[in-house]
């Protein structure tokens, strides 16, 4: 065995171990889907307040289809389920590290640390503690909102109990302290008799509460303060937001349904055309490539790659190694050197950090790819042609992927229940508040990600595999590796199906622009859906 193969073998074992550990650790994380369901519940609560649903000109079947059996009790059940899941996740986490559990050299403060608070503030918090703190803050927010759902459904006592527990919370983080103060304010507003605490101000409620919950709290405050004019203004504003929420629900429900119908049509069309071609196949059973790859019955690339399996092994192992090196070592070291704590960064700062991370990963990955293939004139092996039917293949592939991925996602949720983690970028998108943050994130998911990932997984990996595997075998294997690279058990099945559709579209069109378009459309649609969902919590 040569030194090169020995090194690649060692890196392969290391990468396999790291991937396995990351996938297993995702089991301890709640699925992003459960969080998305809460955002949808918030949007439903806000839309249900729209008075236009109760007028004579309204369409009951449409409103029933969008709102379903939405009630305060169903919202309470949704929040209680999310709360129980979050508490289970917290219980399964390792106990928080304290000085008594740290090694002696870390447990003891260095000389001068206590006399210089600025030094102690830059000491990095253990990652396990940061994860626990974030989950505890999520639980506090759930309890704050659940209390409002209780009192608005005439279950005052459970709501007051939740708020009393929150107001006495020992946690001292700024966000947790703000939640505790708001809980004390809400407890006073719904107590008998009501108590208007000094901190019971509009600003306090507006800073911590959002959407339907903010309107309910402010309405109670204005009624107790007998501010009729402010109450009327609030109700008018609530109606405007409720109407917008209903329109967003219509988009969230209508567009995917329409897309699935079109997708089923595309799949049937492709299946029918394939059957017709089999009937008219040449007697020899062979077909030749045509000038229009989409008209060929073959699922093979136009050219056979000149490099061997060792080159495939080298590029993919080096890329996965670079992925872990950049995302888990280089970027955290740079963040620590700049005293950046991801747990306390604003949404815009998190987006910029994610952009830096992905850009560095993209440059590193493309460098590995083109340096490894430089003697093969690599640009000729990554077809990017503006002519041809690539646009229709990309668009049709997007619609065809919709029903397949949605179906597999539902099956995966039944298997993993509410565990399996998810893309951490989704939470940043859900919490994005300003246009610049939205533009940065959209540029990443709709531009950079399709460009880089299609070049690597379809342009190189899939094309290379067709030298050793049948077309469908290469499509399947490249789809599985594409899914694994996202390091989330909850997303492996749907991303495998999406990766296979991307591979199919690429091999049929023989143009990377087709799979890039499909990838960009998919990410853009998901991004738009997240923005519509998060608007219910604005």
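Cβ coordinates come from backbone N, Cα and C, glycine included.
Unlike curated entries, TrEMBL annotations are predicted automatically.
In TrEMBL this protein carries:
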type	residues	note
REGION	92-128	region 'Disordered'
COMPBIAS	93-104	compositional bias 'Low complexity'
TRANSMEM	249-272	transmembrane segment
TRANSMEM	311-331	transmembrane segment
TRANSMEM	351-371	transmembrane segment
TRANSMEM	391-416	transmembrane segment
TRANSMEM	436-457	transmembrane segment
DOMAIN	438-524	domain 'CAAX prenyl protease 2/Lysostaphin resistance protein A-like'
TRANSMEM	469-492	transmembrane segment
TRANSMEM	512-533	transmembrane segment
Selection from 249-272, 436-457, 512-533, the stretch that has most Cβ pairs under 8 A to the transmembrane segment (469-492): 436-457
Recorded stretch that, among 351-371, 391-416, 512-533, has the most CB pairs under 8 Å to the transmembrane segment (249-272): 391-416
Contact check, the transmembrane segment (351-371) vs the transmembrane segment (512-533), 3+ Cβ pairs under 8 Å, seq sep 6+: no
Secondary structure content, the domain 'CAAX prenyl protease 2/Lysostaphin resistance protein A-like' (438-524) (per DSSP, counts of residues): 76 helix, 0 strand, 11 coil
The domain 'CAAX prenyl protease 2/Lysostaphin resistance protein A-like' (438-524) [mean pLDDT, rounded to integer]: 94
